[in-house]
Amino acid sequence: MTPIQEQLLETLSDGELHSGTTLGDSLGVSRAAIWKQIQALQSIGVEIYSENRHGYRLSAPVTFLDEQEIRSRLSVEATQCLPHIDMVWSCDSTNSELMRNLHDGASSGAVLLAEHQVAGRGRRGKEWVSPFGGSLYLSLLWKFSGGPMVLSGLGIVVGIAMATVLNRSWLSGVQLKWPNDLYFQNQKLGGILIDLEGESEGPTSAVIGIGLNVNVSQAAGGRIKQPWTSLSEQLDSVPSRNELAAALLNEVVEVLNRFESEGLESLTPEWDQLDMVRDHHVLLELEGKRVAGVARGIDQLGALLVESGGAVSRYFSGDVSLRIQQNKR
Ligand code: BTN
């Protein structure tokens, strides 16, 4: 994003109508130049409306992400563990960007947030629809001494942290669908993507990517290929993304420290409370195979337990897709 586009967005963030001439005058460019920049912003998904020659406005006011605002709300533990919190207007994917930062020497606890992702990534190679200013796109780098196998429950613990924060402070009834999808009333509210890098015996660097639908408009949500919801659809008063980011970081840091010292086992009772598939008939798809059975919770490594034909098998998240067979319980 160019500096002029950033200034334009700052001005438009109040959600009010601004004429092309006023914008041009305040930014020192022509009306035509403003129009060109507006088009460029619209092409990356920023919802700017032009009103019959009167000017431009955003679909709704936006409070931008702000590092200081987030920092001011962090717990002592999170402040100690998160040395760098960076915010960018736009990037391909906060996970990809943080992975590049890791290769350039970023330290454990580095956090990156974006207002917009050009190529947001979901699990299993799917796109994560990332409209401008509509949601939280947050990645956290965490370095573990153990190898990837020990970290198979990592997504589970981060999911527990996210659901706990939302249930406690804003929206009760958020559940988790194994391995780490956040749902509210059977509609997807958020998700987690973890990229790992390291040796088989450790150490391992994990980039933990968190996506939470906060203010996703119907227009932007039209591109999401499954039932979805957003906090703005469920709450009369939506917390700011800075408040949400800080609360999530506080909880995530706490559970990560617990996970490292005590393992997943200490968190399984919390998972059991939040698990939306337990005792439901499910259909798993893995490596071209389909398995039908009844979900029976998770084991100590975070593998899904599925009872089928009288036996219980374990499945690791990797490339497994899980569907609940509605009407069967
Ligand atoms: C999923 O449910 O499929 C996982 C979604 C994860 C999305 C987040 S948004 C921040 C981070 N950057 C990405 O490209 N993906 C994750």
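Please read every residue number as a count from 1 along the shown chain.
Backbone N, Cα and C atoms are what each Cβ position is placed from, and that goes for glycine too.
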Candidate sharing the biotin site with Ser93, Thr94, Asn95, Gln117, Arg121, Gly122, Arg123 (per TrEMBL), from Lys188, Lys289: Lys188
Per TrEMBL record, range annotated DNA-binding region [choices 20-39, 40-59, 60-79, 200-219]: 20-39
Per-region confidence, the DNA-binding region (20-39) (mean pLDDT, whole number): 93
Cβ-Cβ under 8 Å with the DNA-binding region (20-39): same-chain residues at least 6 beyond its ends: 2, 4-5, 7-8, 11, 48, 50, 55-56
Candidate with sparsest Cβ neighbourhood (10 Å radius) among Ser93, Thr94, Asn95, Gln117, the listed binding-site residues: Ser93
